[in-house]
Amino acid sequence: MSQYILRRFLQMIPTVLIITVAVFWMLKLAPGDPLDLLLAGNPDISAEHVEHIKKLYGYDRPIYEQYGRWLWQVVQGNLGYSRIYHRPVLSIIPDRLLNTLVLTGSSLLLSLLIAIPIGVYTALRQYSLLDYLFSFLSFFGIAMPVFWFGLILILLLSVQLKLLPPGGHYSLEQDVGIFTVLRYSIMPVIVLSLFSMASWMRYMRSGMLEVIHEDYVRTARAKGLAEGRVVVRHALKNALIPMVTLIALSIPGLISGAVLTETIFSWPGMGRLIYDSLINNDFNIAMAVFLIFAFLVALFNLAADILYAFIDPRVVYT
């Protein structure tokens, strides 16, 4: 297993590099230039000064040389300097990354706590009234656009009922405590977990329906085991095996969904950061965020393979 993990880590390196090459190339080809915005705020700057700045930052070099320079700086632990925040990118990332991990982690936990029990229950009560009800709700959650659902929640819970703040992280006038953070987190977490919760509910139901009709489940029931023990120890354990891969592959979707969610609710995370950087043409922040996202996606895929082996002893990695 250790050799497999090491080999997968080594395979992650070219994958992340290819992603950074593609993102670097697309950002460089995008309309607009950081120097254009700089010059727009200072129209009196001379042409000689412009050429000096281009040479200083390597903008006059071919794109492959610019990428090589950026990559060498990353290897040295330098992610560049933010033009809009006037700070090193490395000093901005930690707090934003923590906020995004809190948001996505809470959404993941909420989705699992709701989707798995409901999926198991509806499989055991197939074609019941609750099965039809939860099936309708799951299809509704899958079809509902994230941004639209977020706006509806803001209109209902913030504007009309005034129960929750419409966005942000916390108010500067308030004491920052766990309950304050929770009040600001409820709506973003619900919105971000909507699609994954609804889809996982359907997958869990389908997985349980396949498993509960297997011979080993019938044998366990024939032995006189309690129904709860049959479901948990024999059916649920095997139904969770394909769910592990599905959940791990859905995490990148949660991370990308955080861009919309954090933008709607002004949540100060990586999603909001990448939005602001693209709008303001802050190249260094955009590349840093895409680099971290690429690494997280590759890391979660590796974690899925490892967890898969622990759940199913038949899976052996060499």
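Backbone N, Cα and C define each Cβ position, glycine as well.
Listed in TrEMBL:
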TRANSMEM  9-27  transmembrane segment
DOMAIN    97-304  domain 'ABC transmembrane type-1'
TRANSMEM  101-124  transmembrane segment
TRANSMEM  136-161  transmembrane segment
TRANSMEM  181-200  transmembrane segment
TRANSMEM  239-265  transmembrane segment
TRANSMEM  285-311  transmembrane segment
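Only residues 6 or more beyond the boundaries of the transmembrane segment (285-311), in the same chain, are considered here, and those with a CB under 8 A from a CB of the stretch are 1, 5, 8-9, 12, 15-16, 19-20, 23-24, 27, 70, 74, 79-80, 82, 84-85, 89-90, 92-93, 97, 237, 240-241, 244-245, 247-249, 251-252, 255-256, 270, 273-274, 276-278, 317. Most Cβ pairs under 8 A with the transmembrane segment (239-265) among the ranges 9-27, 101-124, 136-161, 181-200 are made by 181-200. Tertiary proximity for the transmembrane segment (101-124) is limited to same-chain residues at least six positions away from its ends with a CB under 8 Å from its CB atoms, namely 130-131, 134-135, 185, 188-190, 192-193, 196-198, 200-209, 212, 231, 236, 239-240, 243, 247, 251, 254-255, 258, 261-262, 267, 269.
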